[in-house]
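Quick look at what TrEMBL annotates:
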DOMAIN    26-168  domain 'Lactate/malate dehydrogenase N-terminal'
BINDING   Gly31, Ala32, Ser33, Gly34, Gly35, Ile36, Gly37, Asp57, Asn117, Ile140, Ala141, Asn142, Met251  NAD(+) binding site
BINDING   Arg104, Arg110, Asn142, Arg176  substrate binding site
DOMAIN    170-334  domain 'Lactate/malate dehydrogenase C-terminal'
ACT_SITE  His200  active site, proton acceptor
Amino acid sequence: MFSRIARPTICIATRSLSTSSQNNAKVAVLGASGGIGQPLSLLLKNSPLVGELSLFDIAHTPGVAADLSHIETRAHVTGYMGPDQLDAALKGCDVVVIPAGVPRKPGMTRDDLFNTNATIVATLADAVARNCPEAMICIIANPVNSTIPITSEVMKKYGVYNPNRVFGVTTLDIVRANSFVAELKGLDPARVNVPVIGGHAGKTIIPLISQATPKVEFPADQLSALTARIQDAGTEVVKAKAGAGSATLSMAYAGARFTFSVLDAMNGKDGVVECAYVRSEETECKYFSTPLLLGKHGIEKNLGLGKLSAFEENLVADAISELKGSIKKGEDFVANMK
């Protein structure tokens, strides 16, 4: 039985998910009642970096907020529900995380989600542009390859677009790559780091095994199979859940990891690097995921692709046309909005 004095400090014992530095950041989660939103909000509530947690969704948010507010951590939790309360949820926010949208079901691709999720993201981006235009925006809602261009184009309409503050959260691809490589090599996954570049769907997901730390090597057939597994890992979860949803818990973890990195950097921590899908000039695509050095004002430096193996160069070449199509699809959606 734990005494109040001896109560253990709750932390997530891995990477940047726990930190002793404090901040009073106001963080909004848009889509907080969903399969990703609830565990993500729980992880954010547990962080000393979050002073205020603003939860929004179209249903059930007051209950989620009440539940989380009973947890004995410092973040103050408020819940907002329905379109009429969206603006209030966003006032004064420093970081906005958007997991809102419908999940994939068996047989669906991320593109199958486009029409529904594009409308949701455009509506939420519109509200962010009006209420907290200088916030860091972290988009989880799929298809990320299109929802980041959508967010960017909406922000442009209001004249508040800052490409250094709009991120497509691809961290789950890195988390999966780290786990799978560690499993194959018998390593501690918390000490493995595999950069993943490109986009966040199928063949646009490009794990850079050649740049992994610690250094690892695989025979060509095993490397090909590992790459395919990382690219198809989302479908692996969708099939395993047999119609009951897509990756929620691992995505919540990855979303929290990325958000904490952004908050750490905003709080002045040096050397914070995460991959994310952002406005980019590193390839012929307008948007591309690469490792980024984060700072107080968002992206401090794009660290680029680094030295690629011949295998990885081919993966990049194969991804370009699909990425360009997804980007155009997002831009056209906003251009045709009424």
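Cβ from N, Cα, C; glycine included.
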Inset, instruction - Just name the most isolated of the recorded positions Arg104, Arg176, His200, going by other Cβ atoms within 10 Å of its Cβ. - result: Arg104
Legend entry - Gly31 (NAD(+) binding site) to Arg176 (substrate binding site) - Cα separation in whole Å: 23
Legend entry - Inter-residue Cα distance where the pair is Asn142 (substrate binding site) and Gly37 (NAD(+) binding site), in Å: 14
Inset, instruction - Rank the binding-site residues Asn117, Asn142 by the number of other Cβ atoms within 10 Å of each Cβ, and give the residue at the low end. - result: Asn117
Inset, instruction - Pop the mean pLDDT for the domain 'Lactate/malate dehydrogenase N-terminal' (26-168) in here, whole number is fine. - result: 95
Legend entry - Site extent for NAD(+) (largest Cα pair distance over Gly31, Ala32, Ser33, Gly34, Gly35, Ile36, Gly37, Asp57, Asn117, Ile140, Ala141, Asn142, Met251, Å): 18
Legend entry - For Gly35 (NAD(+) binding site), the number of other Cβ atoms found within 10 Å of its own Cβ: 19
Legend entry - Within the domain 'Lactate/malate dehydrogenase N-terminal' (26-168), residues counted as helix, strand or coil by DSSP: 65 helix, 30 strand, 48 coil
Inset, instruction - Quick one: among the binding-site residues Ala141, Met251, which has the most Cβ atoms sitting within 10 Å of its own Cβ? - result: Ala141
Inset, instruction - Report the same-chain neighbours of Ser33 (NAD(+) binding site): residues 6+ apart in sequence with Cβ closer than 8 Å to its Cβ, ordered by sequence. - result: Leu55, Asp57, Ile58, Ala59, His60, Thr61, Val64
